[in-house]
Protein chains: 4
Amino acid sequence: MSIMDFQIDGLVAAPFTPMKDNGELNLSLIEPYVDYLVSQGVLNTFVCGSTGEGASLSMAERKMLAEKWVSAGKGKLTNVIVHVGGCSITDSQELARHAESIGAQAIASLPTCVFRPTTGKQVAEQLQIIGAAAPSLPLFYYHLPDMSKVNIMVEDLFDALETVKVPTFRGCKYTDYNMMDFGRCLVHSNGKYIMMYGRDEQGLCALVMGATSFVGSTFNYSGKVYNRMRAAYDNGDLEAARKEQNMSQHFLRILVQYGMDIGLNKYIMSMVSGMDFGPPRPPMQRRSEEELAKIKAKLQACGFFEAVK
Amino acid sequence: MSIMDFQIDGLVAAPFTPMKDNGELNLSLIEPYVDYLVSQGVLNTFVCGSTGEGASLSMAERKMLAEKWVSAGKGKLTNVIVHVGGCSITDSQELARHAESIGAQAIASLPTCVFRPTTGKQVAEQLQIIGAAAPSLPLFYYHLPDMSKVNIMVEDLFDALETVKVPTFRGCKYTDYNMMDFGRCLVHSNGKYIMMYGRDEQGLCALVMGATSFVGSTFNYSGKVYNRMRAAYDNGDLEAARKEQNMSQHFLRILVQYGMDIGLNKYIMSMVSGMDFGPPRPPMQRRSEEELAKIKAKLQACGFFEAVK
Amino acid sequence: MSIMDFQIDGLVAAPFTPMKDNGELNLSLIEPYVDYLVSQGVLNTFVCGSTGEGASLSMAERKMLAEKWVSAGKGKLTNVIVHVGGCSITDSQELARHAESIGAQAIASLPTCVFRPTTGKQVAEQLQIIGAAAPSLPLFYYHLPDMSKVNIMVEDLFDALETVKVPTFRGCKYTDYNMMDFGRCLVHSNGKYIMMYGRDEQGLCALVMGATSFVGSTFNYSGKVYNRMRAAYDNGDLEAARKEQNMSQHFLRILVQYGMDIGLNKYIMSMVSGMDFGPPRPPMQRRSEEELAKIKAKLQACGFFEAVK
Amino acid sequence: MSIMDFQIDGLVAAPFTPMKDNGELNLSLIEPYVDYLVSQGVLNTFVCGSTGEGASLSMAERKMLAEKWVSAGKGKLTNVIVHVGGCSITDSQELARHAESIGAQAIASLPTCVFRPTTGKQVAEQLQIIGAAAPSLPLFYYHLPDMSKVNIMVEDLFDALETVKVPTFRGCKYTDYNMMDFGRCLVHSNGKYIMMYGRDEQGLCALVMGATSFVGSTFNYSGKVYNRMRAAYDNGDLEAARKEQNMSQHFLRILVQYGMDIGLNKYIMSMVSGMDFGPPRPPMQRRSEEELAKIKAKLQACGFFEAVK
């Protein structure tokens with residue numbers, strides 16, 4: 001299959017990484033996790049990304065985790081995309097090679113952190129190096145400026161790719177708010193590239209701009225909300241679609257008021273799924289039972305638990 | 001008419017302020033300017049705001065300009081909203097009183113600059129002081145964090161208004177990218193407040209979230225593009241609506257690549273309208289004929305001049 | 001006297017603006033205020049700046065205040081420098097003309113706020129316009145990037161002044177932490193320009209780089225601490241100088257922990273001087289008696305009140 | 001030796017990492033590099049830090065490099081401090097264990113990147129975890145907010161350490177401009193902790209605040225300039241000390257104008273030392289011969305090459 005044949009539609013969960021109380025990975029949860037996602041109509045995953053605390057894991061852990069997702073997803077998930085970004089581009093190459101060797105469907109990478117590229121051209125040069133390590137895998141740029149502190153316009157990257165050739169480049173996970181840049185990318189090269197939108201709280205805006213694929217953390221436990229939103233949108237019922245987005249904004253507002261981060265989000269996942277995802281790894285913060293009880297009460301009051309059922 | 005009876009629908013132009021080569025206001029242009037806006041189906045204006053270089057004008061100039069807009073708009077424009085924000089809340093009170101005395105339909109205010117509020121509650125307290133100076137006029141908060149450096153969530157302001165009473169408060173000009181905050185504000189108090197969206201380049205996203213009014217600078221010369229977008233959206237033809245938004249994103253991308261600011265935008269207005277709006281006031285930069293010629297060529301190539309005709 | 005003959009040495013207080021409870025200026029306090037400064041060995045003032053809440057005052061208030069300082073300072077103060085910056089360069093020109101007409105010794109200006117210059121050359125162009133309005137007065141650039149959000153290197157401004165001619169330019173009030181830029185400016189043009197340093201909490205660092213003049217808000221009530229620091233430094237007793245700087249850092253740390261802003265600082269001034277400076281103007285916050293009592297106790301514990309006596 | 005017995009005085013070079021044209025480490029250069037440092041009176045190194053492109057190296061490379069520095073430095077260098085920070089605290093623990101096993105004198109760590117702590121307490125908790133992996137080694141916090149985007153006050157970390165116990169904590173490499181925070185840390189706990197200052201361009205300011213140790217990248221090739229500065233300062237000749245600091249600011253200004261980063265800095269090192277340090281690793285940029293020739297000419301004109309000889 002050629003790189004450009006890779007397609008993706010609908011929701012892609014950015015899965016949490018289950019951990020034991022002692023901080024070790026709890027890989028035994030991945031299999032039931034796959035089934036849980038499928039039961040919500042979520043058929044793709046983006047693993048070892050920010051939601052998965054990829055940056056907090058060692059190289060060995062990232063490889064084990066990717067392997068487990070690929071094997072557990074076989075026959076159940078459509079795509080497992082492995083995130084390979086980090087501080088060191090040398091490490092990213094190694095993770096890319098590994099992802100190819102285990103049969104992942106695609107890879108993605110943040111720009112290097114600590115030392116950061118500052119232009120679209122520099123990002124393209126990084127992607128060229130990483131992509132070369134996995135020549136058979138579609139490669140996505142992971143745009144997350146709030147965290148990566150790399151504030152390029154992705155359109156500038158797409159322009160740069162016309163001279164800096166990255167044969168495996170397939171598109172972008174766009175986790176930002178600039179819907180003009182996102183819109184421009186969707187029409188760039190006549191829609192040649194795939195734009196997966198990554199801000200769950202305003203996915204409806206991406207839909208109306210023309211998006212058809214979405215990567216997010218809240219799809220892990222509220223995939224049904226977003227799948228209903230998508231179905232309503234596809235049926236031309238914008239009011240119904242907006243109602244689902246409003247629900248998502250309502251519960252996210254509550255989480256934001258309690259200092260939403262991937263640590264808290266992970267606890268919500270445990271609460272909703274009934275599976276124990278364990279604590280986050282530092283620097284993400286553990287939460288007290290007391291705080292979680294308060295959050296639960298607020299989520300109940302807004303109808304969250306009915307909505308995600 | 002009570003404050004809550006104030007309604008607004010459709011496009012609100014944030015007009016440029018015509019100036020002579022020596023930097024003085026060119027008020028004689030306002031009357032034909034009104035007609036030019038009306039000819040595009042733009043029936044509301046937001047004057048002395050950022051596009052109007054309000055911050056660069058003296059108090060006397062701001063008053064003259066507001067008066068001219070109110071008188072020239074009589075019988076032609078539905079609403080003239082006068083922006084009264086600046087450094088000094090004392091000055092804002094004076095401008096608010098003045099706007100009321102000349103018969104403006106509403107006022108709006110940025111948070112104070114130089115010394116800036118940092119919470120929704122502090123913004124509410126400022127609005128209380130300003131609103132008290134014009135007790136018969138609907139008051140809007142002007143949210144423009146990129147320029148004001150006041151990065152509150154507007155929902156936090158709305159929450160604060162439940163205790164800090166501002167009887168004339170009517171809503172917000174929301175010029176930012178956070179469509180979750182925007183969406184939350186739209187449903188706050190069951191839609192009690194008016195949310196005018198202010199990022200022309202992604203107005204379609206605000207539409208799908210439920211917005212019905214829009215304030216922008218590019219409506220001055222491309223009101224027809226956005227009115228077509230709105231009409232298509234209202235007819236359920238999202239593809240046609242998206243096509244218009246894509247055109248807006250296309251020409252804005254060109255302008256951004258040439259250092260888009262209100263100075264450049266003003267030249268585009270002169271180019272499209274055929275009226276001479278003169279140079280911007282410092283610190284906004286004058287542009288060379290050479291540079292403008294290049295930009296014109298690029299705009300021509302993308303179909304801009306046909307689109308706005 | 002030619003512009004380049006203007007000299008200044010030692011401490012320049014950035015005075016607070018006394019206000020009544022109803023928010024009006026309390027000009028009757030200026031005369032005793034002058035005496036209070038002189039009693040601390042503080043012989044220069046920088047009025048209507050950020051400490052003086054200049055941005056919160058109306059044009060009429062700024063003029064009255066400047067006039068009062070010039071008249072009250074006659075025969076007592078060496079220099080009264082009037083800050084003329086704001087949103088509108090037209091207003092700054094008017095304030096510059098006014099400062100010249102009342103006999104101020106010099107003027108200073110922040111870059112325009114709301115619309116901001118972004119390069120040294122643009123700042124130079126602004127200073128050219130402002131300076132032309134007061135051709136007999138030395139003009140200072142007020143560098144305060146934390147508040148102005150204009151993050152140029154002042155050396156870039158000095159370089160730009162070689163082509164953008166500003167005949168009245170005399171130097172800079174440098175209120176930032178970059179001691180390389182500050183040091184470079186001190187040697188620029190063989191020390192042609194005056195560099196007044198504006199971070200009281202690290203004035204000793206400026207001294208060792210070669211500074212001889214300082215503008216600050218804490219000189220209002222702790223001028224003796226800084227004058228002792230200077231004397232010790234001039235005597236080659238660095239340990240004694242450091243001890244004074246450490247005292248200043250100690251009490252500033254306490255104030256920072258309580259949300260130091262000009263509002264709080266004004267209360268400290270009232271506490272120390274025994275004169276009632278009144279509340280700050282919004283958006284600066286009033287403080288409760290309870291909070292002030294806590295702060296007072298902490299200041300007592302660190303020896304602040306003995307140090308400033 | 002107990003942790004608190006660890007002392008350090010004078011210059012600590014943050015060494016560049018020599019690489020071959022193919023991007024591999026060139027470890028054979030470390031031995032002559034040690035001699036080159038010693039010849040300048042630089043007797044300590046801080047390896048695998050930002051100057052050493054530590055974040056760009058794989059775990060295996062970081063270990064090899066640290067080992068090489070420890071073995072090459074034996075009998076020649078006083079201290080080799082190994083930087084162990086990165087994305088993953090698990091990796092940092094492994095690097096800390098390794099540093100202890102190879103006989104390094106101390107370790108240091110940036111806060112985790114990608115996921116970042118936001119308070120002094122959170123940083124303390126990270127240091128506790130890392131320190132526990134190398135219980136015999138003094139541990140330093142590496143404060144570099146411009147790069148780490150962790151903008152705490154280090155005094156807040158020191159305060160937090162009174163409850164979050166980190167028995168191996170020994171101080172801080174302070175690479176920032178806030179001389180009040182730096183000064184406060186110097187007097188914290190009566191000077192219990194070591195504060196190594198990290199902004200070469202304003203080391204004189206740190207000296208006057210009481211610093212006695214310094215970590216920097218430009219000490220690699222201009223150690224003599226800074227050692228002369230220190231000697232002059234210790235002799236009470238502040239004018240001579242300032243002259244050396246001014247030279248450092250002069251050449252750094254030139255480098256900054258050419259986009260100073262560790263990539264460029266590495267080339268300067270090759271130019272001055274005559275040893276070939278090779279290219280930087282991406283995302284750091286290679287420089288053209290043409291650009292380097294221009295920079296060389298400017299450095300010549302300012303007397304740089306005589307100063308560092």
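Backbone N, Cα and C define each Cβ position, glycine as well.
Bear in mind that TrEMBL entries carry predicted annotations, made automatically and left uncurated.
The following features are taken from TrEMBL:
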- D:Y142: active site, proton donor/acceptor (ACT_SITE)
- D:K173: active site, schiff-base intermediate with substrate (ACT_SITE)
- D:T51, D:V215: pyruvate binding site (BINDING)
Query = What are the non-local neighbours of D:T51 (pyruvate binding site), defined as same-chain residues 6+ apart in sequence with CB under 8 A from its CB?
reply = D:A14, D:P15, D:F16, D:S217, D:N220, D:I262, D:N265
Cα-Cα distance linking the residue listed as 'active site, schiff-base intermediate with substrate' and D:V215 (pyruvate binding site), given in Å to the nearest integer = 7
Ask   = Counting every protein chain present, what is the number of Cβ atoms, excluding its own, within 10 Å of the Cβ of D:Y142 (active site, proton donor/acceptor)?
value = 26
Key: Listed in sequence order, residues with CB under 8 A of the residue listed as 'active site, schiff-base intermediate with substrate' and six or more positions away   = D:F46, D:G49, D:A108, D:F140, D:Y141, D:Y142, D:H143, D:L144, D:M196, D:G198, D:V215
Query = Including all protein chains shown, what's the count of other C-beta atoms within 10 A of the C-beta of D:V215 (pyruvate binding site)?
reply = 27
